[in-house]
Amino acid sequence: MDQDLESESNLPSGSIDKSRVLDLKPLKCLVPVFPTAPGMSSLSSPQPVPFMCVPPTGPFPSGVQPFYPFVIPSASQHTTSSVPNQGGDFSFGTHMQSPVPLNSFRTPINPAKGRMEQSNRTATYASGSVSIEDGYADSQNLSDVENASNSGKRKGRPRKKRDSNGDNVVEMIVNNLVTSFKLNELDDFRRTSGNKEVAGTILLVFDLVRRRLTQIEEASQVISKHPNLTAGTVLMAKGVRTNSAKRIGHVPGVEVGDIFFFRMELCIVGLHAPIMAGIDYMSVKLTMNEETLAVSIVSSGGYDDQGGDGNVLIYTGQGGVQRKDGQVFDQKLERGNLALERSLHKASEVRVIRGVKDVSSLNGKIYVYDGLYKIEESWIEKNKSGCNVFKYKLIRKPGQSEAFTLWKSIQQWKNGNASRSGFILRDITSGAESLPVSLVNEVDDEKGPAYFTYNPILKYSKPFSAPKPFPGCHCPNGCQPSSSSCPCSQRNGGYLPYTSLGVLMSCNSLIHECGPTCACPPNCRNRISQAGLKVCLEVFKTKNRGWGLRSWDPIRAGGFICEYAGDVIDASRIGDFGDENEDNYIFDSTRNYEPLGSVHDDSNGSVKVPFPLIINAKNNGNVARFMNHSCSPNVFWQPVLRESNSDAHVHIAFFAIRHIPPMQELTYDYGMVSSDKGIHGRKKCSCGSVKCRGYFY
């Protein structure tokens, strides 16, 4: 090749034979180069020099020179070396420089409050690794990585180091859940392009792993490893993810309005791949060359992004920082910024995920998928720090379901700044609950459900007899997750069942809560179901199923909603309720329920109630009486036992199976009666689920 180039260079200007084909190789092609004997030309030598094994530190035979990176520049022309200098620009000192792996080189990170530039980074958490988009990482999105997870981290308490068996525990938990949900049978197609069922199952497993790890770490006081990152990286290392193939437009299995509490959740379902960077993009071959187009952005409040009227977003590009020493760096038209600019000119759709403040968490955010937008224009302006930044105006495509605009409307309802169509009553509880429960009918002229007395408490005529007397705990400051002497914790397998936010961490067949004889205060973490409502609920008229229940607030997976209140009746009286209307307000724990493997740690996943509990809420009850049946519910019930000396009181508490967005109806499975009632007790089911059985009891 070099000979051909040399001969071409000797030709007169303009007489180069362009018809000749040269054997050219890319400049980046790495091939071994062996030394040649002194005085010999590598171009003219008829025979190649035999391969010689020479240690990188020498000694070197005649004609062989040391090569980079095993050499260091000479400090001066007279530096003494242990090996005679054979010529060239490098000489050896008394210590050799170790070879540096190529993957250890990184683009320098600019410390800033803005976005942090990183090139081809891989962040490793626990036993897996998660790709961070080369380019910029948003400081507004670092809360998932740098801030403590929502597990009740306490200051001033010594933290133990992670147990050497910690990775084995993680592996065991993940393997059990992956096998239980048959996610180890995911084929390449479902990993590349999923659907609602696959995406929902993966998110369920992720959250179950995350909650279980949170519980274990709290009890053992290990240094926090952010269970959300650990759960995500281990699952993806096992191939448990979907929609891994980037695409423009909607993602299969994710609906507009869906909510997420961790950036890792966006990643494992393919909605937004980088766990830190705010712009995700992909290479598309539009012409002869490949170009990058933006596929999604996350706007979570770290920049001067403006929401407009809910259908308009002014988004700030990546980069542009002000260092502590006062130096200012402008944003550059590269990576994500360049992808957004090209999407503007190609009129390409971009997915928008809005980050809103999670009021229940100190540093948490809730990510709302707001649908598809198109970029209308872009410009450059100076921000508050004096940096030149790129601005992009995005307009939401019409015809999509409400998402972020619904959140804004709910906030106005709470503040009393907006009227509500179909509004009937502000609070049907008349102050009996800590939060008001509104009554709304946007379907017809009915003014409310049949009269009943609102009562938030389950009424017992006579408690059950406990097998053994239980004196209660002695925790004046509340039960602590790391306390090995707390009897209430020991009755729950050595762990507290709830986080400080009221999220159920492990779903055993029975929860033991603190009872009347316990010394802990009313705000103890082991009294979650006794503290009343945690979210603003609404009783509303459905189109075809009577009155229903929904929430103004987002609900986390495992979050407590309410308990089923009413009058506890004797099991022998269940046959007395022949009136269909009265039967609609009966909760019967003796019914047969579909195994809830998606929320229970037990091998069979079924609920085990220690006593046959039947509740009648027709005349006295709370909001739970309005929850409709569904064959694909988003709520499950859990028996909760509260003991006092020799008395045992069983309560029924409802928790979210998955994350539930605002204004989505809350439903649970009513179960099936014993076979002796037969088909006569069946009612037509109108839940509309793809798995609808067509009937319920």
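Counting starts with 1 at the first residue shown.
Including glycine, each Cβ sits where the backbone N, Cα and C put it.
If you check TrEMBL, you get these features:
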- 137-168: region 'Disordered' (REGION)
- 138-151: compositional bias 'Polar residues' (COMPBIAS)
- 152-162: compositional bias 'Basic residues' (COMPBIAS)
- 249-396: domain 'YDG' (DOMAIN)
- 471-532: domain 'Pre-SET' (DOMAIN)
- 535-671: domain 'SET' (DOMAIN)
- 681-697: domain 'Post-SET' (DOMAIN)
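Proximity of distant same-chain residues to the domain 'Post-SET' (681-697), defined by a Cβ-Cβ separation under 8 Å and at least 6 residues beyond the stretch ends, is recorded for 544-545, 580, 591, 628-632, 667, 669-673. Shown for the domain 'Pre-SET' (471-532): DSSP residue counts in helix, strand and coil, namely 11 helix, 6 strand, 45 coil. Along the domain 'SET' (535-671), the predicted structure has mean pLDDT 86.
Mapped onto DSSP helix, strand and coil, the domain 'SET' (535-671) counts 14 helix, 56 strand, 67 coil.
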